[in-house]
């Protein structure tokens, strides 16, 4: 490894996967990426074309699909390129990717919490739902969330401009990542890592707790349903939703939280948790939140049949 002053016009990504793993990791990632693109794009198109689906719940689902498309496109092609030995990333593009990852992770976490609250209001207070949750309210909340995320992550943008790299420009990771950059910077201070504790709480622990609380309250309401089929349907939906939420939140909370508290994780452990949290949920979200929905399934079926099924309202 070079221990002299190096140029920071570009960073070199070093994805620690052995040659045997590369042989099947690349095609798996490619397939996951293509499925993610197709599934989320299809959800966006169907909701956009069908005015009957342009209600608060489906606005949330479409927004989630947009976030998943952006996050997957931001990360997965880079990992695939690195595994194919194309590992150099321009300085500016690397910083952009790093900030974009943090931004989209925060947005998805908060959006999943909002979707849980939306279902809570719809099931527990169905008569008040139309007056509480409207399209205007949803759009306003999404705008406010974007502003909050930008403000909270502003220190990250300042910190990366402070870093100097005097020993190496090799990031031991599969894409440009804040923690990996901190590890090779020569002028790291406590503030550069301590910021992960409050951001992990605001964008990770709090939304996750809110989701659990909302689903617990929904489950409690479901126990009062007299129909056994109705109960099973609610609990089936909750279990699958919680699975996807856990796949997103637990790896990211664990990796960022432990790092923020000064716990050193191996490159392999950290990489695995971040990649799982960023790549798997975007592929599963359309299946869990959309394709099991009767109205969306019907719209997709009619779309592929070529029938005109989207009436003007």
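Note that Cβ sites are derived from N, Cα and C of the backbone, with glycine treated the same way.
Because TrEMBL annotations are produced automatically, they should be read as predictions rather than curated entries.
When the ranges 8-27, 28-47 are checked against TrEMBL, the one recorded as transmembrane segment is 28-47. The transmembrane segment annotation in TrEMBL falls on one of the ranges 95-117, 164-186, namely 95-117. On the 0 to 100 pLDDT scale, the domain 'G-protein coupled receptors family 1 profile' (39-289) averages 83 in the predicted structure. If one looks beyond the transmembrane segment (235-258) by at least 6 residues along the same chain, the residues whose Cβ comes under 8 Å of a Cβ in the stretch are 105, 108-109, 112, 116, 179, 196-197, 199-200, 204-205, 207-208, 211-212, 215, 218-219, 222, 265, 269-270, 272-274, 276-278, 280-281, 284-285, 288-289, 292. Contact between the transmembrane segment (59-83) and the transmembrane segment (201-223) is absent: fewer than three CB pairs lie under 8 Å, with pairs separated by 6 or more positions in sequence. Same-chain residues lying 6 or more positions outside the transmembrane segment (201-223) and placing a CB less than 8 Å from one of its CB atoms are 105-106, 109-110, 112-113, 116-117, 119-120, 123-124, 149, 152, 230-231, 234-235, 238, 241-242, 245, 249, 252-253, 256-257.
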